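Colleague: Structure below; questions to follow.
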Ligand code: GLU
């Protein structure tokens, strides 16, 4: 695999709290962040979609609020996040604006990436921002996420976001330049691993067991993130973020660990739609729609003749003609609403339903046709 970052069309960069926040001085590492913004602008100017998953809200907020060091209670970290997130988002917006790039803040909770209905909404908004060439700056919504329903670490959050929006590369910037056979700080024989083709139990063991996990966002959550990313067709890199212009350093072949996937986001998504979900209903399409689907189009309400099943928006449904099954897809409407708009042109949707729904019954990105 070449290290040429220009081959990637959609890249998620995850930046950890320790890189962003200078705890001793109680502020963000502005110069470092400005240099990273240069790297981002470079990638963006080459045409890639760039997303940032930025930690630092809690670390920043606790300094501002003068909270003592050591573990925080949940309400304390939620309060700290509320304070820190404002500064964090404003700073990202400023450093990117310096390069003429618009930033958009997205705060997500676990449910936004795990429940299909909410996931589809989060995905649609994020894709719209990318289409408008903005750089989404994403963090967990720590202020409302409670312990049972939160990620807690942005490594796995970043991996879920990356697969959700079909990124082909995720870069985790850390305070270490990749995965080692053992912790390099304590083991002089530890060897750096440049490429992981498959995450085996041996690789997981190198990242340390649960007992050795002292901080959130350690090597263990990074390898967990690697599993999520590679299963979704996204390559992942763990790289040292401590130098200035860390992305440039990776692009120039700086030491890091690549987690490679044999798949790609489009194929992984189609496999997921085609196989992993239990279909909740059936859409019968007419001949015109059948031809359009095979030409790569989305399925519009006008092309659906009738429906079966009590499906909900975001559920998997079977798409078929009267004579044969064509494939599967994630439907954009609940069955009751779908029944009211089938056979009708999309411009009538708002009048028929009383709200402006999606133009497509099943978007082509949410569809897997059988060959
Ligand atoms: N979401 C947390 C924050 O912004 C960071 C989680 C992590 O350290 O991975 O402070």
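Every residue, even glycine, has its Cβ placed from backbone N, Cα and C.
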Colleague: Which of these, 42, 142, does TrEMBL list as part of the substrate site with 55, 154?
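Modeller: Between 42, 142, TrEMBL records just one in the substrate site with 55, 154, namely 142.
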Colleague: So TrEMBL lists 174, 175 for ATP; which of 14, 46 goes with them?
Modeller: 14
Colleague: Compare the Cα of residue 154 (substrate binding site) against each of the binding-site residues 14, 174, 175 and report the nearest.
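Modeller: Answer for the nearest of the binding-site residues: 14.
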Colleague: For the binding-site residues 142, 175, which one has the sparsest Cβ surroundings, going by other Cβ atoms within 10 Å?
Modeller: 175
Colleague: Return the residues near residue 14 (ATP binding site), defined as same-chain residues 6+ apart in sequence whose C-beta is under 8 angstroms from its C-beta, sorted by sequence, else 'none'.
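Modeller: When sequence neighbours closer than 6 are ignored, residue 14 (ATP binding site) has 52, 53, 54, 55, 154, 155, 158, 170, 171, 172, 173 within Cβ distance under 8 Å.
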Colleague: Are any of the binding-site residues 14, 55, 142, 154, 174, 175 near ligand 1, with a Cβ under 6 Å from it, and if so which?
Modeller: 55, 142, 154
Colleague: Give me the DSSP three-state residue breakdown of the domain 'PUA' (281-362), ordered helix, strand, coil.
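Modeller: DSSP composition of the domain 'PUA' (281-362): 26 helix, 22 strand, 34 coil.
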Colleague: Taking DSSP three-state, what's residue 55 (substrate binding site) in: helix, strand or coil?
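Modeller: Residue 55 (substrate binding site) sits in coil per DSSP, no helix or strand.
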Colleague: What is the number of other Cβ atoms found within 10 Å of the Cβ of residue 174 (ATP binding site)?
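Modeller: Summing over all protein chains shown, residue 174 (ATP binding site) has 26 other Cβ atoms within 10 Å.
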